[in-house]
């Protein structure tokens with residue numbers, strides 16, 4: 001990504017060919033002979049620079065390992081373009097993704113631009129969610145058997161997605177991956193949960209990108225560069241206050257060791273059996289990369305850096321920092337807004353009024369006498385209890401959250417609407433009839449209240465709690481859940497205090513208000529609430545990148561979003577053979593070179 005065309009949209013820090021060639025020669029001279037690029041970098045102008053370096057300096061092709069990636073488009077008719085693509089958008093149709101057609105065409109294009117007969121390592125730049133794993137892995141295997149590609153790698157995907165592709169290849173006897181290029185550094189260690197352990201068990205080499213956190217681990221925290229000022233991802237990924245202490249510790253270690261900060265950051269990864277992607281945009285960076293190989297970190301020093309990173313990652317989690325995470329992060333805010341609205345509609349159904357003032361409400365529809373009103377109230381409670389148990393024990397994990405909530409809320413709203421209309425048009429005659437039981441319309445009203453309880457139990461009673469517990473990432477979950485509970489109880493308190501006044505002043509309008517609010521809630525749920533049942537935690541971030549009001553188009557998880565179950569089933573059934581290590585039993589490994597800015 002370092003080398004190419006500075007006019008490439010959004011990348012003025014890219015080095016031109018005349019600047020890049022001497023750096024590649026210097027890298028080769030000091031022993032850095034594994035070079036990484038991608039077909040899309042500088043819209044196709046990065047790969048030719050590597051090919052030209054080999055020819056210009058007479059470097060034997062066999063002495064250099066070339067890694068390139070595919071997925072994104074190369075628009076050769078628009079050299080400065082850097083599109084934000086969609087798979088089926090005009091001129092980008094079949095020009096990106098991981099279909100067999102595009103994989104073959106992309107490799108032919110890379111071979112032509114690199115001016116070589118083969119690619120040492122071909123990596124998937126991103127995962128194509130619209131192409132099956134079988135088609136992807138078969139196409140890659142065919143390229144290996146044809147001799148155009150020697151090894152396969154992948155980059156930037158969830159562990160379960162990577163595992164699915166890997167096991168698809170193994171089950172079918174095709175070429176598996178030998179390396180994974182993941183985001184991993186002292187400021188971002190999320191990959192240590194799943195991806196790193198998985199790769200080590202499978203014998204897959206780790207070649208993490210951005211090992212110096214887009215340059216933040218190379219300089220003092222307050223210093224800025226052209227790229228850090230222009231690159232929104234730097235602030236999005238790493239600029240939290242909790243990272244300042246880690247950078248300070250790296251600086252202190254560099255002084256003690258007599259080396260650069262970047263050497264410490266790289267040495268930390270090297271000691272963790274990873275071969276990092278190093279951005280080389282200057283002679284100083286090349287020397288620092290070589291220097292990192294000589295930096296020795298004891299187990300105590302490694303532990304100190306890691307513990308410090310873990311401590312810093314958990315410091316500064318004040319309510320202010322968490323609030324920033326919620327309100328400045330689109331996906332977090334959409335989750336927060338959805339949960340709060342569900343809790344509000346949960347209370348706007350009028351359940352609080354019915355719970356606390358059921359005897360009074362039964363009296364409004366013709367139930368007379370304390371014993372009768374208490375009896376009907378008791379039956380109401382029993383209906384709620386029994387149906388809620390049935391929903392929790394059976395429905396919620398079989399049918400899901402969305403459909404029962406839509407049906408249940410509609411039943412509630414309709415029941416409230418009937419009560420409003422009945423009291424409006426028959427309330428006077430009911431009040432005058434002080435003898436006998438309730439009239440026929442009143443009996444229907446009693447049934448409506450019991451149906452309301454039925455709808456409540458199958459919908460709003462539990463759904464908001466379940467959804468809120470599922471959608472939030474760990475960092476903000478406790479705060480968001482606490483806020484939702486606060487909303488729940490403060491609104492409940494307000495409704496409890498307001499109900500007597502509402503029944504006196506509004507009368508039948510109280511039930512009409514609840515009916516209308518619940519119908520509005522049904523519309524909100526239909527458009528904004530996706531089904532959470534069967535959806536993997538990892539897919540939540542992608543899901544909530546979409547506009548909230550468009551969730552109805554993605555209401556139910558695709559096979560790709562719930563594939564984790566497929567992987568588990570394959571493992572339990574013993575369909576996955578142990579593979580991925582070299583013949584001598586050692587783990588696969590690789591080295592990766594990429595740019596990082598000053």
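Heads up, the Cβ atoms here are built off N, Cα and C, so glycines get one too.
Residues or ranges marked as domain 'NADP-dependent oxidoreductase' by TrEMBL: 2-306.
Annotation comment: TrEMBL describes 579-598 as region 'Disordered'.
Remote same-chain partners of the transmembrane segment (336-358), defined as residues 6 or more beyond its termini with a Cβ less than 8 Å from a stretch Cβ, comprise 326, 373, 376-377, 380, 409, 412-413, 416, 449, 452, 456, 460, 463-464, 467-468, 471-472, 476, 480, 483-484, 487-488, 491-492, 495-496, 499-500, 502-503, 510-511, 514, 517-518, 520-521, 524-525, 528-529, 548. TrEMBL lists 336-358 (among others) with the feature transmembrane segment.
Under 8 Å from some Cβ of the transmembrane segment (378-396) lie the Cβ atoms of residues 354, 358, 404, 449-450, 453-454, 456-458, 461-463, 466, 533, all in the same chain and six or more residues away from its ends. According to TrEMBL, the transmembrane segment annotation covers 378-396 (among others).
Annotation comment: TrEMBL describes 403-423 (among others) as transmembrane segment. Beyond the transmembrane segment (403-423), the same-chain residues lying 6 or more positions past its ends with a Cβ under 8 Å from any Cβ of the stretch are 345, 349-350, 361, 364-365, 391, 395-396, 430, 441-442, 444-445, 448-449, 451-452, 454-460, 463, 507-512, 514-516, 518-519, 521-522, 525-526, 529, 531.
Summarising the annotation, TrEMBL assigns transmembrane segment to 443-467 (among others).
The transmembrane segment annotation in TrEMBL covers 479-496 (among others).
Summarising the annotation, TrEMBL assigns transmembrane segment to 508-529 (among others). Tertiary neighbourhood of the transmembrane segment (508-529): same-chain residues 338, 341-342, 345, 348-350, 353, 401-402, 405-406, 409-410, 412-414, 416-417, 419-421, 423-424, 427, 467, 499, 502, 548-552, 555, selected by CB-CB distance under 8 Å and a gap of 6+ residues from either end.
When averaged over the domain 'NADP-dependent oxidoreductase' (2-306), pLDDT in the model lands at 87.
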